[in-house]
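Engineer: Below is the structure I would like to discuss, written out as structure tokens.
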């Protein structure tokens with residue numbers, strides 16, 4: 001017979017929506033706001049870095065980051081994120097979710113500031129220190145994924161748990177939008193204050209010395225929301241499921257949740273034997289029991305996140321290049337360095353407002369009605385369809401007068417990524433695994449996603465090069481064929497979604513099978 005559910009956990013599952021739910025969403029969500037700002041702001045200033053540090057007036061086109069430098073600047077934070085997801089995921093199960101939750105914010109705050117204060121004014125010194133600090137910035141960002149998802153899933157009631165976790169992740173959309181707006185304001189202010197000719201008019205003076213402050217200010221802004229959130233994050237109590245099921249301290253779990261919920265929770269401690277608290281299921285991650293119960297689930301959560309992030313990060317990190325190639329952003333030579341930042345930021349602002357942000361909140365609204373499985377399946381299907389819609393008639397979209405159609409379809413891929421697998425791949429791993437392995441398995445799933453992001457970031461950069469390629473690059477398969485590859489990745493994600501369980505309306509113990517005895521299937 002399965003152990004009886006602890007009353008404190010049943011009370012959490014049945015709790016009405018209260019102020020503490022919204023407070024937890026904001027506290028955890030501001031971490032994701034900062035995460036998105038830090039990870040995606042680099043795409044806004046990458047071209048500026050090329051102009052400042054790698055310009056050669058003898059060339060007909062403005063300076064760009066060399067291939068290896070561009071790949072490093074773009075991808076190093078993703079590498080740090082991958083390591084951080086694995087490390088903090090394990091720490092969250094080993095030492096408690098709250099105990100390591102604040103450290104991620106400290107790391108993000110310090111490294112955001114340090115990224116903007118990268119040493120030297122010479123290319124090698126600046127890029128080397130920028131990459132160093134962005135790796136550790138990514139390490140802190142990585143920790144927020146398993147910890148925030150696990151904390152929110154364990155705080156929420158079972159009726160609206162999906163919406164609450166989705167709302168935390170939806171703050172990523174506002175982070176992307178805020179990065180674009182900050183970049184827009186900073187570049188507009190500097191461009192109005194320090195007038196400069198376009199590159200075609202004056203190659204030497206198209207990049208004013210003050211442009212070096214622009215990218216530094218944009219990166220350093222990421223430290224503000226992280227610093228503001230730290231105090232409130234430290235005031236959150238440990239989750240009841242960690243305290244009761246992993247730390248085996250039911251009395252403390254009851255006391256903490258009674259205070260949070262403002263109700264008196266009664267627990268018959270004489271009936272709560274050590275077997276009921278510790279359960280009989282103490283097998284680990286690499287055990288046959290885990291493989292039997294959750295092996296296919298882990299394969300599905302890791303693979304779907306991997307396939308999603310190949311496409312999602314390729315689109316996000318290199319949208320500036322895509323917009324330039326289709327002519328939505330003016331040619332680089334017709335702008336000065338700061339104007340180029342402005343136009344890239346404006347394009348990302350439009351895309352975030354029309355496609356990215358709404359998609360996240362559609363997930364919040366419908367996930368506990370439609371379910372995780374169907375939203376993810378639909379999202380992958382629509383992303384595949386719209387990618388093919390971009391790739392098949394690609395030559396049509398790149399001709400003058402048709403750019404708007406390309407941007408609309410491109411925006412729809414973002415909408416259905418966020419009203420789809422970009423949200424659900426974050427939510428599902430926080431629900432389907434047992435409490436003692438929940439943070440670890442979420443970290444593993446997220447790390448596989450970042451492995452996909454690294455493949456997308458490095459692979460798309462080289463693969464999308466057409467004929468002729470950009471300066472310093474070899475010819476690739478071209479943007480059109482790269483879009484076919486991304487469509488294939490989305491299709492594979494749709495196929496692997498079939499192996500995911502549906503967690504809608506179930507308690508965490510039910511969906512993770514913690515209320516099933518060890519010998520039961």
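Every residue, even glycine, has its Cβ placed from backbone N, Cα and C.
Because TrEMBL annotations are produced automatically, they should be read as predictions rather than curated entries.
Quick paste from TrEMBL:
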type	residues	note
DOMAIN	24-505	domain 'Major facilitator superfamily (MFS) profile'
TRANSMEM	24-49	transmembrane segment
TRANSMEM	69-88	transmembrane segment
TRANSMEM	100-119	transmembrane segment
TRANSMEM	125-142	transmembrane segment
TRANSMEM	163-190	transmembrane segment
TRANSMEM	213-232	transmembrane segment
TRANSMEM	349-367	transmembrane segment
TRANSMEM	373-394	transmembrane segment
TRANSMEM	406-430	transmembrane segment
TRANSMEM	442-463	transmembrane segment
TRANSMEM	483-500	transmembrane segment
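Have a look at these and tell me how they're positioned relative to everything else.
Structural biologist: Note on the domain 'Major facilitator superfamily (MFS) profile' (24-505): mean pLDDT across this stretch is 89.
Sequence-distant contacts of the transmembrane segment (69-88) (same chain, six or more residues past either end, CB-CB distance under 8 Å): 38-39, 42-43, 46, 49-50, 54, 100, 104, 123, 127, 130-131, 134-147, 313, 317, 439, 443-444, 446-447, 450-451, 453-454, 457-458, 461.
Long-range Cβ contacts of the transmembrane segment (125-142) within its own chain (Cβ-Cβ under 8 Å, at least 6 residues beyond either end) map to 34-35, 38-39, 42, 49, 53, 69, 72-73, 76-88, 103-108, 111-112, 114-115, 118-119, 443, 446-447, 450.
Among residues of the same chain six or more beyond the transmembrane segment (163-190), those with a C-beta under 8 A of the stretch's C-beta atoms are 21, 24-25, 28-37, 40-41, 44-45, 148-149, 152-153, 155-156, 210-211, 213-214, 217-218, 221-222, 316, 338-339, 341-342, 344-346, 348-349, 352-353, 356-357, 359-361, 363-365, 367-368, 418, 423, 426-427, 430-431.
Long-range contacts of the transmembrane segment (213-232) within its own chain (CB-CB distance under 8 A, at least 6 residues past either end) are made by residues 23, 26-27, 30-31, 33-34, 37-38, 41-42, 44-45, 48-49, 52, 102, 105-106, 108-110, 112-113, 115-118, 179, 182-183, 186-187, 190, 338, 341.
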